[in-house]
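Straight from TrEMBL, the features:
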type	residues	note
TRANSMEM	108-124	transmembrane segment
TRANSMEM	144-168	transmembrane segment
TRANSMEM	180-197	transmembrane segment
TRANSMEM	231-251	transmembrane segment
TRANSMEM	263-284	transmembrane segment
Amino acid sequence: MDANLRFWRAEGQSFFQRFLLWADALDPLLLLKSSNEIKRTRLLIQTNKEILSEPIQNNQVFWTAVKSSVHPDTDKIIPLLFRPPAFMPITLPLVIISSVQSQARHSFFWQFVFHTYTAAFTLINGNGTPKAEGYSLQQKQIVLGFGAISYSACVGALPLTFMNRYALKSPLIQLVVRRLLPAPLFGLMSAFTVAMVRSPEFENGIEVMDRNGKVVGVSKKAGEKAVRETALSRAVLFGTTFFLPEVFMYFVQRARFVKNPRVLVPVRMFVVMSVLAGMLPASFSMFSQCGEIKRADLEPEILSSTEETEFFYNRGI
């Protein structure tokens, strides 16, 4: 079992523990770590497994340099823009821009950019063990991802298209289209994109391991569980990020706490940034990176080769 997954098993048992760990791992300053430093730290961890048995506060070298930069399945360094610490700096401006568009074509463009990045992030940080015969798995994921991105951007821009085309200007329509619909649409489309990009995981299966880290088989049910949990966490992340700022700004405007309309723009940006900063580690912490699946939930062909009762896998991000 990879050192990252062993660390999650040892230190990420509860939601609160995982939240604290992700709060450290999402620090954008970690992007300044060089590839050579990451490789040296990775080698140190592989040759000294005792580092995982020490308290969390003594594992900063492991956590900051490796967990946020190395893929646990491929053992390769994740490209800089798709490491977890880069997720918020890149998605924050895309979320803000996408939420203030009034023209359908502009909304489509920015949502297309938004879903393109999140789909690429999902693909690179997903489970790296699925294999397929007769075709290129990566090419299939790219094709499915492009289709999911295009569909999600179209669905997201559709309400504005109808509102502008038929000149629907009533306050109720404005409230529904501009304030209420974006949150569920972004949440659902984000989950849909995750499911499409990572569909090979539940079509072909992912590797599952026993408690000693030995691979005991390839399970489609474990792949389905990993994709379902990741899609749910992504839906919660962006659904909440689009919903809470709208609720907050609605009450601010109604109560007239801010009298100058120009001040509403920076206030809104600050609220969106605060919600995203809090929801990002919270959504990543909903499920452990070292996923667990019971014996009764696995395929019979895997169970016939072992007597273990609990199995583990890399859930991905």
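The backbone N, Cα and C atoms fix where each Cβ goes, glycine too.
Relative to the transmembrane segment (180-197), the listed stretch 231-251 leads the set 108-124, 144-168, 231-251 in CB pairs under 8 A.
Tallying C-beta pairs under 8 angstroms between the transmembrane segment (231-251) and each of 108-124, 144-168, 263-284 places 263-284 first.
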